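Q: Annotation comment: TrEMBL describes 12-34, 40-62, 96-124, 130-150, 162-183, 203-224, 236-258, 287-313, 334-352, 358-380, 392-412, 418-438 as transmembrane segment.
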Amino acid sequence: MKGNDNKLSPFEAFAYCFGDIIGSGIFVSPWSIMKHSGSIGLSFIIWIVGAFIAIIGALVYVELGTKIRKSGCDFAYLTHGGWEPAAVPFLYVSCLLIYPTILAIQTIAFGGYIVSGLSSIFYFDDDEVYILRHLIGFLALFVLVFVNMFSLRSFAGKLQIAVTASKLAVISIILLVGFYYLIFKDGSKHFENSFDGTTKDPGGIALALYASLYAYNGWDILNFGTDEVENPRKSLPIAGLGSIISAAVLYVGINVAYMSVLTKEEFLIGDTVAVQFARRSMGDFSYVVPFLIGVLLLGNLNTTIFGCSRYVLAGARNGYFPSYLKTLNPESMSPRAAVLAELVVAIIISFIGDLEHLLGIMTFAMWTQRAIVQICLLWMRYKRFEYPKDAFVTPIFMPILFFGISIALLVAPVVENYYVAIAGPVLLLCGCFVYFIILPRTHKVIFQKMDYYLVVLSQLLLNVDIVEDEKLE
């Protein structure tokens, strides 16, 4: 690869981070936070606390990303520390379930919002809605997968900047309308007695915080593809911290806008808050809102494709997936086979009945992984691993604090749904079974031949080849 021609610039890196954070969370989380916190005042506190937790997590992952400049996020960090028995089961669960599930949910959500907008013009019965939301979602997914077959800087990065600009335009409309109501329509009355109804239930507060962290999730997206980020020491802190702080300011502003228009009772109606907001304040323009939300989700789809394909690529480079999944296009350095593999898995998962139920289990596994990564980071510090001299280093209390937060976030969903505590470990045990029992047997001749023919097939169909790691620098 010539220079940084196919790498993300700091601005494009920020667009990826910001674009991954700002998504459906701002339309779903406000309702959940208000429901569990019980009051307007506490809900604002929850939003701010969630931002601080996200900043702590981002700082820790900036340290990891600038010390261990490899793609693969948690998998790369655990294997660098020599913790393969912990890294590989999480790799399989993440690549085969967690990220394809997230991709499937985002795909169906995109299709659902577009169909919702079309429903104001046309009538669809339940079967037609089911078919249309899948078809429209898959169409968007196919287009984005095609874009990700080419250079990040030339195509996917530019698309992400355009989508991020669209998100800012939508958010600006919400802010302008909301603050108009606040200043000229006596919207401030909705903030009187802001702490009335505040919950005293620790479990409710924990679930509200969980919802806020869902809205801030995405600050680690660049850690999945650090190899493809120009100057990680500069780009990771700017993109990670800048996107969280920007998102926090916008989230607080958007919630002020929502609450300037809606009463607390209207806020808690079981619908997307933005739709309720538009119906009350925008008249006929409210019919456009589902389409605008769909545009926002395109950015999340693009970043999820980027992240999960690079996770697969990292696993394949280390020999835990078939070799064809580590092939790259020699011009764009795009992992085309890995991108297509995640597309296939996501489509299969999208036809599973209750995706949200499955995502709860996947989230438990994800936070378990993050907790283990913090232990690994502390262990590597204790062993004094060698790192680049310009690596970003956080105070020792930060990984310890983030470890504690991760453990607390594991307890919250278990209290609400005990099955999560059973299903999560069972999935990880399945990953252990693959690592300890199946993987050692893949060195047999029949598997070697299958691996070879898959590489040849990928080379013929996708114009890819196996690129040595040193050529990626």
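Glycine too: its Cβ is placed from the backbone N, Cα and C atoms.
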Q: Would the transmembrane segment (392-412) count as touching the transmembrane segment (96-124), i.e. at least 3 C-beta pairs under 8 angstroms with sequence separation of 6+?
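A: Contact absent: fewer than 3 Cβ pairs fall under 8 Å.
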Q: Looking at the stretches 12-34, 40-62, 203-224, 236-258, 358-380, which one shares the most CB pairs under 8 Å with the transmembrane segment (162-183)?
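A: That would be 236-258.
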Q: At a threshold of under 8 Å on Cβ distances, which of 40-62, 130-150, 236-258, 358-380 pairs most often with the transmembrane segment (12-34)?
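A: Stretch with maximum Cβ contacts: 236-258.
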Q: Is it true that the transmembrane segment (130-150) and the transmembrane segment (358-380) have 3 or more Cβ pairs under 8 Å, skipping pairs fewer than 6 apart in sequence?
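A: Stretch pair does not touch.
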Q: Any residues 6+ beyond the ends of the transmembrane segment (203-224) with a Cβ under 8 Å from its own?
A: 8, 13, 16-17, 19-21, 23, 25-26, 28-29, 32-33, 35-38, 42-43, 46-47, 49-51, 53-54, 57-58, 61, 64-65, 71-73, 76, 232, 235-236, 239-240, 243-244, 247-248, 251, 300, 303, 306-308, 310-311, 314, 408-409, 411-413, 415-416
